[in-house]
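To keep things clear, I will list the structure first and then write my remarks on it.
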Amino acid sequence: MHTTQAPVMSIQIFQIFLEECDENGYPSRRRSLVDDARFETIVVKQTKQTVLDEARAKANDSSLECTILQAQEQHQQEDKIPQEVQQTVEDQNDDEEEIRMVAVDELPQKPQEHVPSADDEDKETDAGLTEEEVVLQNAASESPEAEKEVVRAAVVVRLRDGMGSLGRILKAVEAYHGTVVHLESRQSRSEGVQFDVLVKVDMARANLLQLIRSLRQTQSFGSVSLLSENNVNVKAPWFPKHASELDNCNHLMTKYEPDLDMNHPGFADQVYRARRKEIAEIAFAYRYGDPIPHIDYTETENKTWAAVFGRVKELMVQHACSEYIAVFRKLEDEKIFVKERLPQLQEMSDFLRKNTGFTLRPAAGLLTARDFLASLAFRIFQSTQYVRHINSPYHTPEPDCIHELLGHMPLLADPSFAQFSQEIGLASLGASDEEIEKLSTVYWFTVEFGLCKEKDEVKAYGAGLLSAYGELLHAISDKPEHRPFEPASTAVQPYQDQEYQPIYYVAESFEDAKEKFRRWVSTMSRPFEVRFNPHTERVEVLDSVDKLETLVSQLNTEVLHLTNAIAKLKQPFC
């Protein structure tokens, strides 16, 4: 078994199990990727206070406590931040305040420089200040208003004593009336230092300078550096660079639906709930390189599969796209799709690898949107192995293996659709939370509920349609509105997760959808491009001339092969 070291987290909250219920107890007709993309952002904000409280509870450094108390007493005598300024900061926090507990490959390590003071009076104050701090101090000294103006800045603190020191930083920020808007950490490469922490804050200029000086008086910190004032660009969130690192991306937004929702078909069935938990634990234990665990499906589970399989096979001839039908029949020919038994994920994974290079990875439930989309970048589809309840064979409130097998797997074996799925995943790596939500919405209206044209007829290719015949018949009828697929508008279209969709997007073809998607992705704010190297199973960030030159060389070789092939095809027969 091959594993990699998990990224260092500021507070270890990897497996957070949360429920999202409305007043009636059941959150929606089905759990959706885009729904949890939005829910994930809300959860991060709601979790912030808990995280801060836990960190503060670990603070026990007396020297910094004294400094903080002095700062609090001092600020009680000073004027408060003007109300309109404070309101501006609060408004910004409503949209931006969050803490991503993720590791980054490399935080900026700017050496501190001694800046000679202009006169002896300021020598003690300016000694050891970096260039950014001198600029900040000069700006603060222009006027009383400039001194109290709230700015955004990032401070890098190197912790000698481990993450227990994090609470001291947060207490100090609070004492100087600052607001934490971003926090990241990683293992330090500096000798004698355990962790490097980047804290992005909103704070008055004068208070920011005092904060830095106070932190530097604490022996627990190796060094304290201000990166810059205003418009600090924090590095993109950590994301997996190799398929093995997906072991670190198994974060569930929900636990086991039957245990949480009274209206779930299996809520009152203790045997079913125990079965779901048993299969989920198998997925939690899975690691990269392991064979996919074999599930001995029960007679009841195989009976549920048979009912849905027969209905889908009956409807697909008339309503499914030709690519889906072709792979479905191929799966039947290879005896993977048979009515009598559920396919195993391992045999399906082997089939996909042979056709498009996609593989499967068992998942315990609905993953966070960021983690699920990241998997697609490596041509890995995270699939559940549990089966919906027998009392509701044609409907499931959350993805189950019948939905995955009948809805997703056939088209993942189609080269064009597989490439489209991977491009959505690649676009998600390092994307902002807002962009993750948009990508999830595009995924919802394409991979889950997409329609396409075929000889002037509308056909289904979305997994949510092909595994739920009720919505399939609704989607191809004249009841809903059919719109042309345009990623920019699709990405912001409200979706319906309690009833059938009122709007569906129709692609001219998979190739047309991919081309439009590529153009739209190019407008995203991510400051770098990535590519997947199938030979190393690594995602490469194209951020240097050397990497680009290597890629160009590889492309030139491929073009040469294509040119030679065309020339040979044009040669006359001997």
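Every residue gets a Cβ built from N, Cα and C, even glycine.
These features come from TrEMBL:
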{"type": "BINDING", "residues": "HIS403, HIS408, GLU448", "note": "Fe cation binding site"}
{"type": "COMPBIAS", "residues": "108-117", "note": "compositional bias 'Basic and acidic residues'"}
{"type": "COMPBIAS", "residues": "118-127", "note": "compositional bias 'Acidic residues'"}
{"type": "DOMAIN", "residues": "224-570", "note": "domain 'Biopterin-dependent aromatic amino acid hydroxylase family profile'"}
{"type": "REGION", "residues": "108-127", "note": "region 'Disordered'"}
Chain-internal residues, separated by at least six, CB under 8 A from HIS403 (Fe cation binding site):
THR384, ARG388, THR396, ALA463, GLY464, SER467, ALA468
Within 8 Å of the centroid of the Cβ atoms of HIS403, HIS408, GLU448, which other residues of that chain place their own Cβ, given that this set defines the recorded Fe cation site?
PRO399, GLU404, GLY407, VAL447, GLY462, ALA463, GLY464, LEU466, SER467
Within 10 angstroms of the C-beta of GLU448 (Fe cation binding site), what count of other C-beta atoms is obtained when all protein chains are considered?
24
Using a 10 Å radius around its CB, how many other CB atoms surround HIS408 (Fe cation binding site)?
26
